[in-house]
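Enquirer: Take a look at what Swiss-Prot says about it:
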BINDING   A:Cys100  substrate binding site
BINDING   A:His118, A:His120, A:His197  Zn(2+) binding site
ACT_SITE  A:Glu141  active site, proton donor/acceptor
There are 4 protein chains.
Amino acid sequence: MDTLTHLSHTLREAMSDIVPESHPEHPFNLIPELCRKFYDLGWATGTGGGISIKMGENYYIAPSGVQKERIKPNEIFVLNASQDVVEEPRTEKQLKISECTPLFFNAYRMRGAGACLHTHSANCVLISLLCDREFRISHIEMIKGIINNETKKALGFRDTLVIPIIENTDFERDLTASMAECMERYPESCAVLVRRHGMYVWSDTWQKAKGAVECIDYLMGLAIRMRTLGLEWEPKDVK
Amino acid sequence: MDTLTHLSHTLREAMSDIVPESHPEHPFNLIPELCRKFYDLGWATGTGGGISIKMGENYYIAPSGVQKERIKPNEIFVLNASQDVVEEPRTEKQLKISECTPLFFNAYRMRGAGACLHTHSANCVLISLLCDREFRISHIEMIKGIINNETKKALGFRDTLVIPIIENTDFERDLTASMAECMERYPESCAVLVRRHGMYVWSDTWQKAKGAVECIDYLMGLAIRMRTLGLEWEPKDVK
Amino acid sequence: MDTLTHLSHTLREAMSDIVPESHPEHPFNLIPELCRKFYDLGWATGTGGGISIKMGENYYIAPSGVQKERIKPNEIFVLNASQDVVEEPRTEKQLKISECTPLFFNAYRMRGAGACLHTHSANCVLISLLCDREFRISHIEMIKGIINNETKKALGFRDTLVIPIIENTDFERDLTASMAECMERYPESCAVLVRRHGMYVWSDTWQKAKGAVECIDYLMGLAIRMRTLGLEWEPKDVK
Amino acid sequence: MDTLTHLSHTLREAMSDIVPESHPEHPFNLIPELCRKFYDLGWATGTGGGISIKMGENYYIAPSGVQKERIKPNEIFVLNASQDVVEEPRTEKQLKISECTPLFFNAYRMRGAGACLHTHSANCVLISLLCDREFRISHIEMIKGIINNETKKALGFRDTLVIPIIENTDFERDLTASMAECMERYPESCAVLVRRHGMYVWSDTWQKAKGAVECIDYLMGLAIRMRTLGLEWEPKDVK
């Protein structure tokens, strides 16, 4: 590590002992950082997409209808388990909480998730149009990055990853019931695709949720290229 | 926020109280920043594309024929509502104002826009070649990021986004009349595609104009991939 | 070089004389940097992929199951030639060594490699599905960036690059024997593709290994686009 | 501009009055910067590609066979008009001058160029395989970014851009004569495609050469997508 970077790290760590919110992985800092990453990947452009992380008893949620790559640490809402705002963003801007909030809480309530992510990746939309009720793929190494929500174990190379698909609604909040109903029918799944819209992905920690969304988006992008090349998603004869 | 970043922010804010132009979202800083972003997205390479933002009674416009990702704050022209230059760029370089100027002013005059953006995205060119007089798409979530210029309301998921297409001319300025005429025929539209060339997009604020161009480019890129996969842009039977 | 950068460089160099590990190209720094690069290229998302570099008698290996783009210098394992850990990561985090370790050592033992890289690039997966036992391509300039492991000379423009493909297994470590066996059958090759999984690439130095993986991934991406356009990978009639 | 950035700029400018080589647009700094950009675009991976810039009577050329994105200011060769090295790189590394040197000098000698760029973009390779002796495209706005080498005027929207293609050779230097001969046959062209290899592009200044390579690569990438969608490159009936 070079000297200036070292100095900066030392100062940051000293400060994060005193003010925990200054830690780079505190949700106040992590949500803006991950939103920038999602924006750069095309998953959260045009104010689309969203990120929510749980820490302790608090649920941190990004504002609605803002440029996701420009969110600042003082623009995050803090909620409790009853979905009440316990801490408003510390900014003069008039912000509304993300419309995805009740959908994020499906993952918190029903699965005890530690983070729930929402992307508008074009891969999701295309896959939702190429599939009927489920996206299914097997025998690709990256499937091993997905955790079965019931067994809590990672999927194996020969397992079929199944992501259920629900129909889109006119308003985001109206997806709450059908997403919950879908999660009940698919207890092993860590994600729900919304047709013509995007995807919700959750896991025990933000690290695992981020890993899952990366694996699933990789697999969907791969599947689309496979389709163009005439390759099967669920092959019968793999050694 | 780490200590060094915090120091930098504090200094910047103190300075931006005294010198408003030093604020990161002043058009002098924002236009270079957005030009870099557009360049990275392939929307403004080879000196193509352009950005214009209104603040107060001033219209800020990038220079013509320069590398868009290298524009500096002191290279921006300031115009009044009559399209007179009221402030020359504060540089020794010989700069010409963007040839898009009269087209940007179509949006300012006819729609009271707060910003007008011009991209050369390859998606625009391809869509303009796949369509006749309009690009039409419906039933994709990202359509909700577009605002109807007449009702001032966001489009709904089931609405059809319609972007009109005009023919290209030998010189950019010669598009002025046909763009204006097109805007009159399409009062709800926030964008005009120029065949074999690119797109103009505007909105009340630079934030909304940037959101709109991101949504439209996403939808056009998606539509091209849909075409390759044999998927319909305006489906009849969506639940 | 600007003054601040110069100051930073001078300090860094002064420090790296005293503390060699602070040198930017020490494996403690280089592995995190290259992991970030691989992540950005989509070669190491979802905790996939891995990097290992030899320096002196030490083998530096990244941890397993972590976000590759967030690895820090103090999270690297140091091993000796017998694959014993001689230096644990200097962090409180509970880290496991990469499961690729015995595969990396195939390259160290059998080829005297100085670095071995593992990617999950989607190009690798697609090529492994389009080919039977080998990926073969000739008459593309970038082939000249690949070194024949037997002759130690770069391939020529008219040579055929041959990358052998092995079948994937349920656990990464179970690839060790089949990868070694494949390397024996293909003594000229600097890489092995793992079907439906990814690729291992090695060379005498990390610079050459990085160059090789860039050339091979470029050639695979090109080959997939060639297939879509109906172009031959091993043409007969090149002037 | 924020205060720290301002400070850095002021120091840099003060220093560049005293030491011209510290100016960010001196070829010692510009070549590394542009090499990084080309690397990020996939035009100079695996040590491929190259950049050369003329300033005053000096010709600045990058070293051969190195990672293009890691070139440092002290690794650049300086040549005179007779292609003699007048200043060796100021580094202990053993560097060889780029093998593209005699090809760059074709542009300097025959066209009085101010810069000559070489890319290995996959778009170049694909276009060289889809075309016989020339790549031809017309009626796309980005064509206006190309300058006719004979008239010194920019091409018009309705002009046909013609880039001639030469056959690749086993060694880069053996392209010298056929590139020169091709340039004589195509006096209007600012670029030569090398089949199955890449492209050379030049212009009066590095800014114009960079603009030209961006426009041509954009047009080639677009043309490949047009081919996939069944669209004509030289349409007969454009309004």
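Placement of Cβ uses the backbone N, Cα and C atoms for every residue, glycine included.
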Enquirer: Reported as an integer number of Å, what is the Cα distance between the residue listed as 'active site, proton donor/acceptor' and A:His197 (Zn(2+) binding site)?
Expert: 27
Enquirer: I need the CA-to-CA distance for A:Cys100 (substrate binding site) versus A:His120 (Zn(2+) binding site), whole Å please.
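Expert: Here the two Cα atoms are 12 Å apart.
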Enquirer: Sort the residue listed as 'active site, proton donor/acceptor' into helix, strand or coil using the DSSP assignment.
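Expert: The residue listed as 'active site, proton donor/acceptor' sits in a helix per DSSP.
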Enquirer: The residue listed as 'substrate binding site' has how many other Cβ neighbours within 10 Å of its own Cβ?
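Expert: Step by step: centre on the Cβ of the residue listed as 'substrate binding site', count other Cβ atoms within 10 Å, giving 25.
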Enquirer: When C-beta separations to chain B are restricted to under 8 angstroms, which of the binding-site residues A:Cys100, A:His120, A:His197 qualify?
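Expert: Listed binding-site residues meeting the cut-off: A:His120, A:His197.
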Enquirer: For a quick check of packing: other C-beta atoms within 10 Å of the C-beta of the residue listed as 'active site, proton donor/acceptor', how many?
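Expert: So the number of other Cβ atoms within 10 Å of the residue listed as 'active site, proton donor/acceptor' is 19.
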Enquirer: Where does A:His118 (Zn(2+) binding site) sit by DSSP, helix, strand or coil?
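Expert: For A:His118 (Zn(2+) binding site) - judged by DSSP and reduced to three states - the answer is strand.
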Enquirer: Filter the recorded positions A:His118, A:His120, A:Glu141, A:His197: retain a residue only if its CB is under 8 A from a CB of chain C. Output in sequence order; output 'none' if empty.
Expert: A:Glu141
Enquirer: Per DSSP, A:His197 (Zn(2+) binding site) is which: helix, strand or coil?
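Expert: DSSP assigns A:His197 (Zn(2+) binding site) to coil.
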Enquirer: For a quick check of packing: other C-beta atoms within 10 Å of the C-beta of A:His197 (Zn(2+) binding site), how many?
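Expert: Within a 10 Å radius of the Cβ of A:His197 (Zn(2+) binding site) lie 26 other Cβ atoms.
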